[in-house]
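See below for the structure under consideration.
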Amino acid sequence: MRLAIFASGSGTNAENLIQQTQKGLAKGDVVLVVSDKRQAPVLKKASELGVETAEVIPSSFEDKQAYETYLIERLNAAKVEFILLAGYMRLIGPVLLQAYEGRIVNIHPSLLPHFPGLDAVGQALEAKAKETGVTIHYVDAGMDTGPVIAQEKIAIELDDDHVSLTKKIQAVEHQLYPHVVNQIVAEKTRGENE
């Protein structure tokens with residue numbers, strides 16, 4: 001299955017997913033990495049791993065519909081079958097949702113529905129939560145509201161700060177996302193063969 005990753009920042013999850021697929025530890029083939037930020041580090045990481053990249057800046061387009069229509073053209077040109085969001089800090093709009101209905105997933109650093117949106121780690125620490133985690137879910141029109149595919153809990157220790165908790169979350173993300181990708185690819189492939 002041909003995969004695209006959308007990311008806005010450093011790209012630790014994107015880099016991990018690309019490496020896992022290239023080693024055969026995760027199914028699928030990452031053929032395109034898209035970022036909505038100029039010179040996002042994820043683009044350099046993906047390029048160094050031999051993956052095509054696209055820097056597609058929303059402000060370069062008349063509106064969100066034009067932006068997403070262009071994204072679909074890029075996705076179609078790369079024959080992308082499924083989209084993985086990995087730190088993509090933008091809501092997916094109706095144009096892209098319709099074109100890839102049921103074929104977009106996101107990873108979020110909390111146990112949704114708790115701590116949706118930006119800085120979930122900071123939200124969990126601020127709330128003095130005893131646990132948080134990682135959620136992978138299908139994307140719908142809301143912010144972190146789509147059907148959950150997988151979740152894994154992480155205990156928040158008294159001495160955890162933003163840096164230490166982020167590291168714990170990333171360690172879980174790097175295990176869970178490839179596992180879920182394997183599950184999705186297997187299900188989609190099985191469905192096509194029936």
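Cβ coordinates are placed from backbone N, Cα and C, and glycine is handled just like the others.
TrEMBL annotations:
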DOMAIN    1-181  domain 'Formyl transferase N-terminal'
BINDING   GLY11, THR12, ASN13  N(1)-(5-phospho-beta-D-ribosyl)glycinamide binding site
BINDING   LYS64, MET89, ARG90, LEU91, ILE92, ASN106  (6R)-10-formyltetrahydrofolate binding site
ACT_SITE  HIS108  active site, proton donor
SITE      ASP144  site 'Raises pKa of active site His'
Where does MET89 ((6R)-10-formyltetrahydrofolate binding site) sit by DSSP, helix, strand or coil?
coil
Using the recorded N(1)-(5-phospho-beta-D-ribosyl)glycinamide site (GLY11, THR12, ASN13) as reference, state which further residues of the same chain have their Cβ within 8 Å of the centre of those residues' Cβ atoms, listed in sequence order.
ALA7, GLY9, SER10, ALA14, GLU15, ASN16, LEU17, VAL42, LYS45, ALA86, GLY87
Tell me, which recorded positions from GLY11, ASN13, ASP144 are within 10 Å of ASN106 ((6R)-10-formyltetrahydrofolate binding site) if we use the C-alpha atoms?
ASP144
MET89 ((6R)-10-formyltetrahydrofolate binding site) to HIS108 (active site, proton donor) - Cα separation in whole Å:
11
I'd like the Cβ neighbour count for GLY11 (N(1)-(5-phospho-beta-D-ribosyl)glycinamide binding site), meaning other Cβ atoms within 10 Å of its Cβ, all protein chains included.
23
Whole-number mean of pLDDT values that fall within the domain 'Formyl transferase N-terminal' (1-181):
96
Taking only the Cα atoms, work out how far ARG90 ((6R)-10-formyltetrahydrofolate binding site) lies from HIS108 (active site, proton donor), in Å, as a whole number.
13
Please state whether DSSP places HIS108 (active site, proton donor) in a helix, a strand or coil.
strand
Spatially, and counting Cα to Cα, which of the recorded positions is closest to LYS64 ((6R)-10-formyltetrahydrofolate binding site)? Options: GLY11, THR12, HIS108, ASP144.
ASP144
I want to verify one value. Collapsing DSSP to three states, which class is ASP144 (site 'Raises pKa of active site His')?
coil
At 10 angstroms around each C-beta, which of the binding-site residues THR12, ASN13 has the fewest other C-beta atoms nearby?
THR12
On the three-state reduction of DSSP, what should I expect for GLY11 (N(1)-(5-phospho-beta-D-ribosyl)glycinamide binding site)?
coil
In Å, how long is the longest CA to CA span across LYS64, MET89, ARG90, LEU91, ILE92, ASN106, which the record gives as the (6R)-10-formyltetrahydrofolate binders?
19
